[in-house]
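Now, the feature entries from TrEMBL:
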ACT_SITE  51  active site, proton donor
ACT_SITE  69  active site, nucleophile
SIGNAL    1-28  signal peptide
């Protein structure tokens, strides 16, 4: 049996690479993770388009209102809620650095309204104090960044990498945690349950599965979860955004990106 020449060996390798590319088993895991500055900026813009109908996520530090979803006030860069408790932990974090801050005076009220949609002890004095802190205190903006990373962003990226996912999959996890939280609650299906349901129908790359097929299963599970939640109905942040990137094969979440949320079109060119 004759030896294979270097040229023939190269041709075989090229053929195998082409076959892998055509087989639908492309992976985004080899590219930059979502934690890199450029990808994180993209992630923040994508979430802001869904949460605030704007790509200017930094303008959302001062955002605060009751959107009528049963969670009290929704505020800040990822929608901290007075009713779910993440607003409380964020203000506690801020107050540890700025104990004299005006917002620290509202900690007893935030503890009291946790688990409800009540404004008792908060109201317009609280919302004005929130906006003053956002406009004038870098520590308050830093507290929002820190809680975003600790509770939502870092765990999503870590779990995504452990599942063998690239930047797009890590973002799908992050956006799900922002909207649903980690665990289940009355009227809410958490990220952990959504992921478990996806694992019931598809294997992630870390278990030998196809990344695209697994992410479709995850997004399917998330759409189903939204249908179970009385406070949510719209699925455009999935159907006309994340699913679009997935169908395009953009597992590394590379720009340019074009997507729609609530019928509005957004673009990230670079």
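Every residue, even glycine, has its Cβ placed from backbone N, Cα and C.
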Fewest Cβ neighbours within 10 Å, where candidates are the active-site residues 51, 69: 69
The residue listed as 'active site, nucleophile' - helix vs strand vs coil (DSSP): coil
Cα separation, residue 69 (active site, nucleophile) to the residue listed as 'active site, proton donor' (Å, whole number): 13
